[in-house]
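Undergrad: Starting off with a structure, shown below.
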Amino acid sequence: MWDVIDLSRWQFALTALYHFLFVPLTLGLIFLLAIMETIYVVTGKTIYRDMTRFWGKLFGINFALGVATGLTMEFQFGTNWSFYSNYVGDIFGAPLAMEALMAFFLESTFVGLFFFGWQRLNKYQHLLVTWLVAFGSNLSALWILNANGWMQYPTGAHFDIDTLRMEMTSFSELVFNPVSQVKFVHTVMAGYVTGAMFIMAISAWYLLRGRERNVALRSFAIGSVFGTLAIIGTLQLGDSSAYEVAQVQPVKLAAMEGEWQTEPAPAPFHVVAWPEQDQERNAFALKIPALLGILATHSLDKPVPGLKNLMAETYPRLQRGRMAWLLMQEISQGNREPHVLQAFRGLEGDLGYGMLLSRYAPDMNHVTAAQYQAAMRGAIPQVAPVFWSFRIMVGCGSLLLLVMLIALVQTLRGKIDQHRWVLKMALWSLPLPWIAIEAGWFMTEFGRQPWAIQDILPTYSAHSALTTGQLAFSLIMIVGLYTLFLIAEVYLMQKYARLGPSAMQSEQPTQQQG
């Protein structure tokens, strides 16, 4: 039976998964629209303006529904995760506020000018508007991923003994968090791949049916060039992201790789394995020697810690965390004797582990060896979902690289419409970016468990005092509403894609010159 924590996690996870069906396409499409319109302004060829307007209509559908699905996410921090909001709100809220004030308003203002400014702006002004929408979309992703990156690697903050919550000490450390920076570029690049694949798939559909040949060939060419560069960048930055994870989240990396034991350097990479959580081992594993050590440490002599070793390392932190937790209870009840405060300051870095232990030890004054053992096992995520979601992401990314390279070669040869198998391959590859992105998001968030904020706040302690009935009702409502949004997206996209660019010829604007 699911409890409040499970239902809260499911609600946020499903909300984010639905929302992230729309976000990557927004990031990718708007950048491609800016490129198409730039070609129009530079060359004066109106076909590129027509392409911008046609793909822009599909972008508008996706943008509107993406905004709608994102609204409830920020509210859930207050409704479902109130302790989280109180405990780290001063830090976590800063990048979200910057996103709203700087990025979202910029994006929202200029997206209206993009759609309704064709007859009111000259082509140079409209091009500037399009690039500003693209800049705003990417800036929005930057601030949101700064917030998420801080959850993975909390820098520039400390526990304030007066307010009994986390406070920011350095805004620059939050902004330039190395995990955030790598996550931002990796995620945005994945969005570019999504936009490119979307345009290529629909263009391939037109070419297979002998429709909209001029627009489809040019769109496919732009998509294949842009998409190839983007998928190469995505895979390269994925390697950088994994390296950062190895440095700051070794438990997540070990779960991603099904690494139970610390093996001699350089560690092998498990291509496939069957992790068994209860036995703390893999039932079987197919390995590539040395590859994991090279990827995770960029060396041949550094070991990759295994989950058993990492669990053992949590024991002293749980002990110190227990003492910090007990001292915090004294301080919160008014005991601020200098020796108490001094003792707490020496232990506050492990307070999160005390919160984690409290889930397994109702009486923190008397913690048994079995309770410590349960907390140690609870300090790692379920390995199989993390292990397989990582491989789904990498597998889809590798297939996308192959598709993009084949499409690019045939495009450069000028024979793309002569090879129907390439067009069919592009069409049937349309779901791959979304599968990769959703699997990657799941791996990133689920692999951080049991932490809401890595090593600082367990998910167990972050929730609100709601009932299961309240959460079940709101979960059903959100899933139902978001499913309707998704159906609307698919219907409208299919409708206007089937109509094609030629259906818009009668409504072409006369753009101001100058």
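Any Cβ shown, glycine's included, is placed from N, Cα and C.
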Undergrad: Can you check which of 50-69, 130-149 Swiss-Prot lists as transmembrane segment?
TA: 130-149
Undergrad: Per Swiss-Prot, does Glu74 fall on the same side of the membrane as Ala462?
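TA: According to Swiss-Prot, Ala462 sits on the opposite side from Glu74.
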Undergrad: For His186 (heme 2 binding site) and His19 (heme 1 binding site), what Cα-Cα distance in Å is obtained after rounding to a whole number?
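TA: Cα-Cα, rounded: 18 Å.
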Undergrad: Which of 23-42, 95-114, 393-412 shares the most C-beta pairs under 8 angstroms with the transmembrane segment (130-149)?
TA: 95-114
Undergrad: Between the transmembrane segment (393-412) and the transmembrane segment (471-490), are there at least three Cβ pairs closer than 8 Å, leaving out pairs fewer than 6 positions apart?
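TA: Answer no, regions not in contact.
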Undergrad: Give the sequence-ordered list of residues that share a chain with His19 (heme 1 binding site), lie 6 or more positions from it, and have CB atoms under 8 Å from its CB.
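TA: Residues satisfying the criterion: Gly66, Thr69, Gly70, Met73.
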Undergrad: Kindly state the mean pLDDT of the topological domain 'Periplasmic' (240-392) in the predicted structure.
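TA: Averaging the confidence scores along the topological domain 'Periplasmic' (240-392) gives 90.
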